[in-house]
Amino acid sequence: MVLCQGGEGAAAPAAGRKEPELPPGREDGAGAGQPRLCPAPGIEAASAEERRACGCCSGMSWPRCCEAPGTKKKAACPGLGLLYTVLSAFLFSVASLFLKKIEDVHSVEVSAFRCVFQMAFVLPGLIYYKTGFLGPKGKRIFLFFRGFLGSTAMILLYYAYQAMPLADATVITFSSPVFTSLLAWIFLKEKYSIWDLLFTLFAITGVILIARPPFLFGSRVTGIEGSYTDHLKGTIAAITSTVSAASTIVILRKVGKSVHYFLSIWYYAVIGLIECVVALFVLNEWSLPHCGKDRVLLILIGLLGLGGQIFLTKALQIEKAGPVSIMKTMDVVFAFILQILFLNHLPTWWTVGGALCVVASSSGTAIRKWRQSVKKAKQSEI
């Protein structure tokens with residue numbers, strides 16, 4: 001490093017001399033004619049953003065900071081992102097359990113309450129970041145379909161939770177990464193290898209083991225809640241929810257970072273609420289819960305769903321997507337545990353086998369995508 005006089009070049013300090021400390025409240029080299037450290041020849045100068053305080057040197061700006069731009073800082077708490085993922089999975093699973101406990105409220109009405117909670121959370125963020133409520137003109141059609149498909153996935157998922165065993169519905173919806181790879185290959189022209197095809201077949205096998213269609217398993221199907229007709233309806237709803245959720249991820253990839261994520265959630269909540277209200281009037285199912293317990297459960301479902309979304313977002317901010325996707329298998333584990341403890345419903349071996357197939361396929365897809373991203377990152381560094 002060399003000293004710059006007034007922003008240009010000068011001589012380096014003598015060896016062994018102590019570098020003078022900056023006066024409190026003064027930026028590095030802020031005054032005219034004040035000496036400051038500059039990068040040595042061959043080292044690129046920091047940009048305006050990189051000169052800002054990094055927080056690790058008592059507010060001192062780079063290059064006086066202990067770490068140069070691009071240097072990887074050690075995580076304050078290793079594994080914190082994975083812990084957030086586990087907490088997110090637990091909150092989502094408890095919300096699903098409460099949904100099963102609600103007696104007199106239709107799943108579409110529960111979805112409407114969830115959308116209201118989402119809107120209440122996102123609205124202050126939209127105002128703070130001044131993103132507007134419609135988004136860029138060229139992206140509105142993508143935002144509309146993201147909101148429509150995302151809210152449809154939520155409504156159908158809630159219906160599946162009420163119509164079939166909790167673990168079965170959770171396992172089916174967990175196959176979303178496999179369908180995402182397939183849709184990304186079709187619409188985004190992303191690479192789809194023989195491994196992706198194998199993972200897709202594993203996921204389909206798992207879904208068949210859970211659905212247990214009579215033409216394959218006979219007329220006597222065991223281990224289901226209620227009639228097989230309701231079980232089949234729940235299975236179809238769960239599969240459609242999974243495909244819709246995968247479609248929203250493909251749309252978000254298409255949009256990229258050109259749209260603030262708060263705006264994406266806003267479309268999801270607003271369109272979902274409209275969709276729920278229309279469906280409730282068509283089904284003639286709109287009614288406030290008569291029981292105080294159901295009202296409390298509705299509020300808790302909204303809060304737990306919001307908390308799960310926050311923890312998942314924080315996990316993805318500080319941890320890579322691959323490990324987070326793998327750790328999300330805890331969704332299935334929690335679903336099995338809660339179903340046994342609180343719903344007194346033991347899963348069949350068919351369900352366990354289907355869960356293993358789906359978890360293996362989704363985990364394999366996540367690991368493969370993770371390794372590809374790491375490989376691309378190393379190639380770009382070279």
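If you go along the chain as it appears here, the first residue is 1 and each next one adds 1.
The backbone N, Cα and C atoms fix where each Cβ goes, glycine too.
Whatever TrEMBL says is automated annotation, not expert-curated.
Here is what TrEMBL records for this protein:
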- 16-29: compositional bias 'Basic and acidic residues' (COMPBIAS)
- 80-211: domain 'EamA' (DOMAIN)
- 233-362: domain 'EamA' (DOMAIN)
- 1-33: region 'Disordered' (REGION)
- 81-99: transmembrane segment (TRANSMEM)
- 111-129: transmembrane segment (TRANSMEM)
- 141-161: transmembrane segment (TRANSMEM)
- 167-188: transmembrane segment (TRANSMEM)
- 195-215: transmembrane segment (TRANSMEM)
- 235-253: transmembrane segment (TRANSMEM)
- 265-283: transmembrane segment (TRANSMEM)
- 295-312: transmembrane segment (TRANSMEM)
- 324-343: transmembrane segment (TRANSMEM)
- 349-367: transmembrane segment (TRANSMEM)
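Contact between the transmembrane segment (141-161) and the transmembrane segment (195-215) is not supported: fewer than 3 Cβ pairs lie under 8 Å, counting only residues 6 or more apart in sequence. Note: the stretches the transmembrane segment (295-312) and the transmembrane segment (81-99) are in contact (3+ CB pairs below 8 A, sequence gap of 6 or more). Sequence-distant contacts of the transmembrane segment (195-215), counting only residues of its own chain at least 6 positions beyond either end whose CB sits under 8 Å from a CB of the stretch, comprise 168, 171-172, 175, 178-179, 181-182, 185, 221, 224, 228, 231-232, 235, 239, 350-351, 353-358, 360-362, 364-365, 368. The domain 'EamA' (80-211): residue composition by secondary structure is 110 helix, 0 strand, 22 coil, according to DSSP. Under DSSP, the residues of the domain 'EamA' (233-362) split into helix, strand and coil as follows: 110 helix, 0 strand, 20 coil. If you average pLDDT over the domain 'EamA' (80-211) in this model, you get 86.
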